[in-house]
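Heads up: the structure comes next, in structure tokens.
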Amino acid sequence: MFSNGFQSIGFMTAVMGLTSYAVGLVPLSVTLSRAHLSILSVLSTGLLVGTALGVIIPEGIEETVSSDPHPDSISRKVAAPVLLGFSFMLLVEEYFSGTISPAPRDNYQVFQIDLEELEHEEDMISDRSSRMTGSHTTTDSVNRVYPLSLGLVVHALVDGYALGVAASDDRSPTLSLIVFLAIIVHKAPTALALTTSLLSKSLSIAECKRHLLMFSLATPTSAILTYLLYSLPFMNQRLSSGVPLLFSGGTFLYVATVLQNTPDYVTELPSTSGRVRRATLLVAGMFFPLLVSQLLGHSH
């Protein structure tokens, strides 16, 4: 069903875009307390790490190994795209941070959800109209938001490239379905993580929806354009989707481990129980994408 054809790629991208946008709207439609928002943030961090290490990078390694006629070069071909993706996001983050705010900063503080700031702006979480105005969006919030949002959009674009390449490869009829499942498994929770992070940085609902829309459209647009490109007569060389998947995994890993730091949201609880609760949420989030991908038959 998903092996080839413009209708197949169109159907897959439509499902992907609608699903990610709908899931991303959940935190914007439900009133979340500061504690609930913080719990979602910790869980989302686990989801980001789990999808990078448990789904995307392993899928890229599998595809690279299966399509490489020279097994001796596997380690090089796996490491290089992951490092390039990670380094690319590092450069993007440094460039945007330097452009928006030249003042020196602590990386852990810039991208960490500031619970004191959330407490001072509690009305922005409970009062829908005040978030619509966007009047509380500060320069510091913008400094935190754009690298995270851009990183996820870049990752979504690379995901779309991988899906487009897979759909245009008629040598592997099931590859596009496998890539589609791998992407949709993490795209929905990533949309949830994105909007949760945007809300935690005191962005208005309108701004959150704009960022979510760009993220949701990135993969479908990239996938369709890539499929059309590789369907052209002069595109005789069929490229493996392993490299773009690994590159995507590198960008995703950077977003998960550097841009998405977890807050200490349990200041009201005893420190021991708070750490246990946070660790439980992180581990649950990390293993969830892997479990779902196995249930959906994410294997060759």
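Start at 1 and count along the chain as shown; that gives each residue its number.
Placement of Cβ uses the backbone N, Cα and C atoms for every residue, glycine included.
Those TrEMBL annotations? Automatic predictions, nothing curated.
Summarising the annotation, TrEMBL assigns transmembrane segment to 6-30, 37-58, 78-96, 145-163, 175-200, 212-230, 242-259, 279-297.
The stretches the transmembrane segment (37-58) and the transmembrane segment (242-259) are in mutual contact, each linked to the other by at least three Cβ pairs under 8 Å (pairs 6 or more apart in sequence). Against the transmembrane segment (212-230), stretch 6-30 has more CB pairs under 8 A than any other of 6-30, 242-259, 279-297. Outside the transmembrane segment (242-259), and at least 6 residues removed from its termini, the chain residues within Cβ reach (under 8 Å) are 45, 48-49, 51-53, 56-57, 59-65, 67-68, 77-78, 81-90, 93, 107, 111, 147-148, 151-152, 154-155, 158-159, 161-162, 165, 179, 182, 186.
Non-local neighbours of the transmembrane segment (6-30) in the same chain are 37, 40, 160, 163-164, 167, 176, 180, 183-184, 187-192, 194-196, 199, 205, 208-209, 212-213, 215-217, 219-220, 223-224, 227-228, 231; each lies 6+ residues outside the stretch with a CB under 8 Å from one of its CB atoms.
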